[in-house]
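Chemist: The structure under discussion is supplied below as structure tokens; questions concerning it will follow.
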Amino acid sequence: MTISDKIRVYELSRDLKLENKDILDAAQKLSISVKSHSSSMSLEDAKKIKNLIRNGNSGKKIISVSKSSFKAANEQQNNIDNQNKDSNSRSKPLNKEKPSKESLNKKPLLNKPVNKEENSLISSNKKNTAKLKNPNPPSRISNLQSQVLPNSHNKTQHTIKTKNPNEKKNSTKIVQEKKSLNNNSPLRTKSPARPPIQLIEKPKNLTTSNKDIKANKKNDNSLNQRPQQANRLNNNNNFPKKNINNPRIKNTPELVGAPIRREDPKINSNRQNSNSRQPPSNIQASPNRPVIPNRQVTPNRPSNPNRQGVSNRPGGGQNRQGVPNRPGSPYRPGNPNRQGMSNRPGVGGQNRQGAPNRQGSPYRQGDPNRQGGNYRQGDLNRSGSKFNNQNPSGIRKPVAPNELMQLQKTNASDKEKLNRSNFEKQKVEPPKQKAKAPNSRLNASPTAKKTPHRSFTNNSKKPGRSDWDDSAKLEALRNKNPQKQRQKVHIIGENDDSLTSETSGYSGEKVSILSASLARPKKEKSEEPKSQKTTRQFKKKNKETTRQRQKRRAMELRAAKDAKQVRPEMIIVPEDNLTVQELADKLSLESSEIIKSLFFKGITATVTQSLDLATIETVAEEFGVPVLQDDVEEAAKKTVDMIETDDIESLIKRPPVITVMGHVDHGKTSLLDSIRESRVASGEAGGITQHIGAYQVEFEHESKKKKLTFLDTPGHEAFTAMRARGTKVTDVAVLVVAADDGCRPQTLEAISHARAAKVPIVVAINKIDKEGASPDRVKQELSEKDLIAEDWGGDVVMVPVSAIKKQNIDKLLEMILLVSEVEDLQANPERLAKGTVIEAHLDKAKGPVATLLVQNGTLKAGDVLAAGSVLGKIRAMVDEHGNRIKEAGPSCPVEALGFSEVPTAGDEFEVYPDEKTARGIVGERATDARATKLAQQMASRRVSLSSLSTQANDGELKELNLILKADVQGSVEAILGSLEQLPKNEVQVRVLLSAPGEITETDIDLAAASGSVIIGFNTSLASGAKRAADSNNVDIREYEVIYKLLEDIQSAMEGLLEPDLVEESLGQAEVRATFAVGKGAIAGCYIQSGKLQRNCSLRVLRSDKVIFEGNLDSLKRSKDDVKEVNTGFECGVGCDKFSTWNEGDIIEAFKFVTKKRTLNK
């Protein structure tokens, strides 16, 4: 159907009763852009095509059924003719027409003017034609000419109209040749019998081929697309004579099945530029069509005598012999008798490189269907190929089957139409399968064998088979595994010697012409190999063999081992625990070394097990690496960080917060005491600092009183807690180093703390009054840690002091003030308070108590604040003097009461305007804090639990299971902290549940199942809990004082210990006489001290040496058995296992008693 003013190609072909290819070729001649049978064109373009075809046909029919049947009859006769012609052609010499080197190396355009040599060949062909007497010559050459020359004849009728200059130059010669050929051949010869070995009888064949060509005009797209081949046919008309005389021609490899490439736009453009196209009139297949000008044809090609159906293949055909005008192409006699070539315009002809008459090429054998053993099986008698668009004679295209079929792959509708038209024309040959290359030819020689790699063509069946009329079978054959068929054909095409050197030449250009009207197959062809190649590469890239994997692993292990040979100077432990693998990485050791070290210390561990800080320090010291606790590498939330944009207008200077750090033996505490005592003499009380860990002093500097806030960090407890929370409250760090000891591991730790807080460091070199003090040595050691003194050109202030003699204390304070002034410390006292919790504890009378350091704003009594996950409302505040105050400004330490729980040291606190807002924030923080704490507790217990399991296997482990319930979370944490301080060498305390609140029935059930004791601290029992405890025999202990609770728990732990057996002396006796009784003996003794008891243990001493130790089995006094004998009495002593008594032996009587063990032992 037409679309507005347009018409489809297949509609036009149906109207004109032509093939789609004919219409597409005509459109290409007229430069009308159409791509496939479904492309549309304007009605004007359609009229042009109609006029072109009608003018070319000159009123003749395109195809008739009678010609198809006539063609089939000719094909049967040609089989016999081919065999005879082959035998004649073998006896003819082939070397007469060997092209010159110059002409072989020179590869002209396909439409090349006929040279002299070709003219001579044409004239010789004419002579041969004149000799023919029989109108039906059996020769293959005549058959080839009959299928090619009429087309050429028809085209020469229009050479006067052509725009190609080459055609005009050669038109005279071609017209003459046409006349000679037509005069020698009748118009239509239907004679079924032909003389057997008449090789040069062209006239009959010419006439027949003219009719055949007219019948196959629909299929003659290749002729129109490749006018160059017609020129070759024309120029090669004189070749048959020499070919017949050349015996090698028969076996010359003919490039009949050359693999055709997909159409390349560059090749196509070159083809259009280089090929001198025929005018539109050349499209029509006239029965009297002469050889196309400039198309050199080898009419007498003895190497392919039996190839029928060549008339429709202008590029191939009878005249494909030596190809004299193909420069550089030797004789390739391996494909001599390939039939069905003339209908392939892009391959046949004398100018085709790698053509059958390549001189010097050996015979290619091994293809069964090549006559004489030298013919390519897949190319000999391929007939009726729908791609070749030939008449029913069974002519086969000369290109490689896989290439051409993929190029000419059409959709289903095209295939049906082409198959239908071919079937109507031939009646005997079914349409060819789309993806299968023709495997056998109908007219193959009797001795030809079928190549197993070739797929069957439509003529592989006998003509007239009724089963080929079934369209379903045809469709099934067309769609049957085309990829495999293409692969098979492609392999044969690659092995074809006639294609290897010339596949990139004119054959490629001809392919582009053949596929000009079929864009879809080209797409499939180009995409399939690419996708396969990509997939193959992807799989190959991602696949790693076992050998490669082992090699890569070995290289990685070697590199890791090389990297671990350098030991670090120190290691930093994050959050006080590391796994074995992490510790090995930090120490640059193998994990097996760490496990071995732990094993020798009695600890069984795996690479994923966590180690506590003490264990890490022990292992690291063994390898000579000091251990430092990790600093949280995040910005310190100092006062300036707590200042908001609204505070800028109200900022004032605030006192600095100074933290004193250093090794415990370097006088840190003494220096703090010295500063406090000097201020006490001035009337400033500082006793409160013993409780809150922070205090504030005044110092006169430049006639002004300056306040300094000192943060006491004994044992690094408060400071470590703050670092763990990522909070830094220090403005200036004072590093105390002993002049007689130098830098110690804790000194390095203090430096690390200060650097993590990003605060300035002031070094106090203490103990300068002692003998052996060397401040310069301390400066040298500190310079190695990048702390360079000012007098050495650095920026670190170092002050030599003596805490005992109070030397340079004022100078130290002055330097601290100078450094703090450089820091420009400011705060806004008019806003709500923000700060940090320095210390927190649970007081018996006051409840949870926290020491707060206000960093910004003013803290007032009654404020609602949130400290971490703890909510509080300030009920009272106490300053460093112990006085109650109502408010505290920036940098002021206070002791605050009123928290719901004991807050965590190091948490930040912030005052909120109302309690509701504070509660919402506290609830979110509490959830996160509990999850974090649980993870830390589980991590810290891994090693101890592992070692405990080993002890339990040995029967040495005792456990006390507890369930702890308290009034508030602060009490729970305080009790848990105290329990951690108890000795755990032999008895472990396992707290299965710890939570604030009352004791419930659920707690009773858990205790009954686990055998635990319930500890209640300042809490009560829920209803029903007491009854459940009595029924389950669960022990509940309630306490109000933490000390009593800890004493009872310690006593319970000691009760789990095995008691000690202690030897207790009873008395001593001396042996004064012996009496033999039966087999034994009795010793008469005198009790010197103490007493003897029956069944007690005794020890016999002789000359101060123990000769026997056992039990006292018999004790008598005057023949009476008694239980004991006291001092001053005589008695008889008998032992079952000892009878060698001597006078003077000493008997020591004793017994073993149990003694309760304590946890301290």
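All positions are counted from 1 along the displayed chain.
Every residue gets a Cβ built from N, Cα and C, even glycine.
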Chemist: Given the ranges 687-691, 947-951, 952-956, 997-1001, which one is assigned the annotation region 'G2' in Swiss-Prot?
Modeler: 687-691
Chemist: Please list, in sequence order, the residues in the chain of Ile768 (GTP binding site) that are at least six apart in sequence and whose C-beta is under 8 Å away from its C-beta.
Modeler: Ala739, Pro775, Pro800, Val801, Ser802, Gln807
Chemist: Going along the chain, which residues at least six beyond the ends of the region 'G4' (766-769) come within the CB cut-off of under 8 Å?
Modeler: 666-667, 670-671, 736-741, 775, 800-805, 807
Chemist: Tally every other Cβ atom lying within 10 Å of the Cβ atom of Asp665 (GTP binding site).
Modeler: 12
Chemist: Do you know the mean pLDDT across the region 'G4' (766-769)?
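Modeler: The answer is 84, the mean pLDDT of the model over that range.
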Chemist: When the compositional bias 'Basic and acidic residues' (543-561) is classified with DSSP, how many of its residues are helical, how many are strand and how many are coil?
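Modeler: Summed over the compositional bias 'Basic and acidic residues' (543-561), the classes give 16 helix, 0 strand, 3 coil.
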Chemist: Around the Cβ of Gly662 (GTP binding site), how many other Cβ atoms lie within 10 Å? Please give the count over every shown protein chain.
Modeler: 26
Chemist: Other than its own, how many Cβ atoms are within 10 Å of the Cβ belonging to Lys668 (GTP binding site)?
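Modeler: Here the count is 26.
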Chemist: According to DSSP, does Asp665 (GTP binding site) fall in a helix, a strand, or coil?
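Modeler: SS state of Asp665 (GTP binding site) = helix.
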